[in-house]
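Student: Okay, these came from TrEMBL:
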{"type": "DOMAIN", "residues": "42-131", "note": "domain 'Fibronectin type-III'"}
{"type": "DOMAIN", "residues": "214-303", "note": "domain 'Fibronectin type-III'"}
{"type": "DOMAIN", "residues": "386-475", "note": "domain 'Fibronectin type-III'"}
{"type": "DOMAIN", "residues": "644-733", "note": "domain 'Fibronectin type-III'"}
{"type": "DOMAIN", "residues": "816-905", "note": "domain 'Fibronectin type-III'"}
{"type": "DOMAIN", "residues": "991-1077", "note": "domain 'Fibronectin type-III'"}
Amino acid sequence: VGGGAVTHTVSSLTAASKYTFTLFSVFENVRSSGISITAVTAPRNGQNLRTAGQDETSITLQWNKVNINTSFILQFDGTQTNISAPVGGGTVTHTVSSLAAASKYTFTLFSVFENVRSSGISITAVTAPQNAVNLTTTGQDETSITLQWNKVNINTSFILQFDGTQTNISAPVGGGAVTHTVASLTAASKYTFTLFSVFENIRSSGISIIAVTAPQNAVNLTTKGQDETSITLQWNKVNINTSFILQFDGTQTNISAPVGGGAVTHTVSSLTAASKYIFTLFSVFENVRSSGISITAVTAPQNAVNLTTAGQDETSITLQWNKVNINTSFILQFDGTQTNISAPVGGGAVTHTVSSLTAAFKYTFTLFSLFENIRSSGISITAVTAPQNAVNLTTTGQDETSITLQWNKVNINTSFILQFDGTQTNISAPVGGGAVTHTVSSLTAGSKYTFTLFSVFENIRSSGISITAVTAPRNAVNLTTTGQDETSITLQWNKVNINTSFILQFDGTQTNISAPVGGGAVTHTVASLTAASKYTFTLFSVFENIRSSGISIIAVTAPQNAVNLTTAGQDETSITLQWNKVNINTSFILQFDGTQTNISAPVGGGAVTHTVSSLTAGSKYTFTLFSVFENVRSSGISITAVTAPQNAVNLTTKGQDETSITLQWNKVSMNTSFILQFDGTQTNISAPVGGGAVTHTVSSLTAGSKYTFTLFSVFENIRSSGISITAVTVPSIPVNLRATERFETAIILQWNKVDNNTSFILKFDGTETNISAPVGVGAVTHTVSSLTAGSKYTFTLFSVFENIRSSGISITAVTAPQNAVNLTTTGQDETSITLQWNKVNINTSFILQFDGTQTNISAPFGGGAVTHTVTSLTAASKYTFALFSVFENVRSSGISITAVTAPLNAVNLTTAGQDETSITLQWNKVNINTSFILQFDGTQTIISAPVGGGAVTHTVSPLTAGSKYTFTLFSVFENVRSSGISITAVTVPNIPVNLRATELFETAIILQWNKVDNNTSFILKFDGTQTNISAPIGGGAVTHTVSSLTAASKYTFTLFSVFENVRSSGISITAVTVPPHPQGFRYTANETSITLQWNKINNNISFILQFNGTETAFSAPVGDGAVTHTISSLTPGSPYIFILFSVFENVRNSGITMVAFTGLQIMLLD
């Protein structure tokens, strides 16, 4: 009847069905053509929603399927999961994973048909608790094992299973680990314990540990034996599974469990002699040891060390050894006798002398250490008495380096030591009879020695006897010839010493020479000898009338000089000498300029000829010739001779022109002049006076001609062999040089040729080009390429004949200018384009042509690129520009570029929507040729030019929730973008995660969740109220306490994230407050039971009673009145502690404690 929309409800439809409705307008019973709509009814809820199973991190739900077209949505903790419509028959099963252990969850199941969900049904389910962690054994003895593990939380109790039994262990009240001792076990036994966490009567999967009880101690531990470094222990074995640990002096030894029967024996080695030890033996089973038993035992004493012979003579031996300690004495045994030696009082070694012994006799002594009447194993030493001295020690002979001694032998077992000059020689005991003879060698000639002879038996020597003896003198050394002439020889040798004289023998004569008085060598001249003769001299040293063995030397007298030494010839580098030979045994030595040459004795008759080569030209030499016999030369004769002069060196052409050539060469010496020959003429050139090179100019020559010159050096009218040089005159200058054509990189030059033998060199810009002599007639043409455009060049042309160039002629020519390079677009806007190119040079200007117009652009003055802006253009349009370089009114070939103006910016850029991970932008399109670039956060997105009409819409994803973004939008035409426009937009913040109740109280609940970031605040809604919570400042979770609540009540909290006044979709959690304490907690008791009573709180609050490590659960009472509970089978006259907890929705309060006592038992005596 009124205005507004018409609403109509169609009822009695089938659930989860699709209907098509057609609506007709009716006027005067005439209906319109009608319009239709399709709609569906909501599906039925799933039936029989139940928990099919759970573990620590998942719950499996099960329900009846609705039909094959109905899927489901499962919601819990602010999340939802889509579950497809089941294909087959039967129930639907779904497992929810990644849950928290020992937690209660509320699941809501919606049926879904055609995206329409049912009203939903809910179920509450619980996950299994977590296994306890760090289950370990903290101790054990022979009958018990103590276990320990970390508690799970205050609501989780435990069940411990082993050997078919199980024990309930209450949830721990305080912090710290849980400890439980299992008693009444068997010693040395292995047990497997399984521990289950229990939450609301649901066990965890359980964890197991294997532990063992300690074994029994071994029995009958005794000492079996000992020596100086070990003790052997023995005991009864426990069983085949029990090994042992033996401890002493801070060390322990593992001893394996015995295999067979009988006692166990173990030897402890590496002990200290004569020491007392306490050994503790532990039985070990599975690495667990018993309490242990101990025994004390002692080692034998140690042998004495360093038992040595400290001395002996012919009738006694003195022994010495290190004392062991002040408690250890000794026994010395030898030859069937023993001597007791007391333990030494002071420090140092022990010394004992055994007397009344036989000379040169071997004895064996055994020494025992004695400690508490126990001997050591003993050590032995063999010692001998000293032998008697030898008799009749005499000298039987000597020479320059040895003396021979002789004496009577002592016996077949006695050897000898001979000492002299700090040395000693071992002489073996003689085998046969007779005297002993020994030669001492390597002595010093002419010296006196004292020898001492010791008898030796078993390395022990007698007191010794001595004798003095002398060696013969030494031969003189370094006997040499120090000089000779034709009739005498002088000998020289080193003196021996001041006591030694000499005898010189030769040719059957001998001369006595006294011992020299002073230092230095001895010199003696033998005269009246024959020239060029060989003599043998023998020299003896004499000491106390005894000669040495003598040394000999062969020496010769000098030969006679050669005669008739003359010059037989010479050239520039050699001189030939000639002389008469002396005889067939006489050779020669020729000396000059500090060198000498050996010349063999001539074989045949006639004069001797010798050429001296490698001499210096034009030089005077003095030669000395010696006759040589047996390496001894005569006094020598001399001659002077001269070499021919040397050729001049470095003959070169110093310069030339068209009619003359100038030659230059190094002067030879100031005494050497020159002769120059060419073309059948010769010119005398005086020896130069000063230093430097010699220069001579030959004139009246023909241009472009070749000449050969020969130069001779002249010394005392003798010319050298001569040297030659070829030289040419300069050619004629070319004529009529001109530039016939020019290009941007080349110029063509032309000139008249000179003749068929004349080539050319063209020089410009520091380079030169060789141009061959022309073959035919006519002008010469040459193209110079690789030039720089727009540049001026000066070319110089030289005629060349035999590598000699003329003075040259020059011409200046210019190239066309170069095109500009790097023509680019450096910028544009909607109405202009800026062009840039490299300047050519400061002399080159430009012309820019486009759209039938041209603009003159001056040559740039400074460095850098040339920039020119073309204005008054149309936006988003394409233009072609042609650029010409201009040099002296000449254009280059030109280069072109195509450029476009920037498009217009888009208008009406707005935010059309956003969610947590995206923002949708919208703007008006520019035209069908203009695309877009969207920039934000260092990224850019290309958006194609729109095809149809209307606004352009673009969604930016994925973005970060709760973040502010600045977007810049550029219009793009032909890859050129507009100046751009910007907009700032914000995403929705993230939903907070991990919302949980961390602590519960009677009037408050503490909630905690992960913070989103420093910029995101929160709104908390419950019971029709909402609270604003500021964005957290620091790290970590966000904590908020909701107070003024009612005890034992259930609350649903919904939390929203808020960023820039935009809130997220929110998550919800259900939590309950702790129930209040029960009132009137009291008891009555008899001898064996206690009856407890307390007031009920309400119909929803149950109770848990704890005592003696167990707890009993009481359902919430149905009726009115107090709650009563009796505990029986108690001990008379004993105190008991009871803790009573109120429980609401599985949450208990802190509990109240009461101590109750059973009554005393009264016994009547007859």
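Cβ from N, Cα, C; glycine included.
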Student: Per the definition of 3+ C-beta pairs under 8 A with sequence separation of 6 or more, do the domain 'Fibronectin type-III' (42-131) and the domain 'Fibronectin type-III' (644-733) touch?
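Tutor: Output no: the domain 'Fibronectin type-III' (42-131) is apart from the domain 'Fibronectin type-III' (644-733).
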Student: With DSSP, how much of the domain 'Fibronectin type-III' (991-1077) is helix, how much strand and how much coil, in residues?
Tutor: 0 helix, 46 strand, 41 coil
Student: Where does the mean pLDDT land for the domain 'Fibronectin type-III' (214-303)?
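Tutor: A mean pLDDT of 90 is what the predicted model shows over the domain 'Fibronectin type-III' (214-303).
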Student: Provide the three-state DSSP residue tally for the domain 'Fibronectin type-III' (816-905): helix first, then strand, then coil.
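Tutor: Going through the domain 'Fibronectin type-III' (816-905) residue by residue, I get 0 helix, 49 strand, 41 coil.
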Student: How do the residues of the domain 'Fibronectin type-III' (386-475) split into helix, strand and coil according to DSSP?
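Tutor: DSSP composition of the domain 'Fibronectin type-III' (386-475): 0 helix, 46 strand, 44 coil.
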Student: Taking helix as H, G and I and strand as E and B in DSSP, count the residues of the domain 'Fibronectin type-III' (214-303) in helix, strand and coil.
Tutor: 0 helix, 49 strand, 41 coil
Student: Reported in the order helix, strand, coil, what are the DSSP residue counts of the domain 'Fibronectin type-III' (644-733)?
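Tutor: Computed counts for the domain 'Fibronectin type-III' (644-733) are 0 helix, 49 strand, 41 coil.
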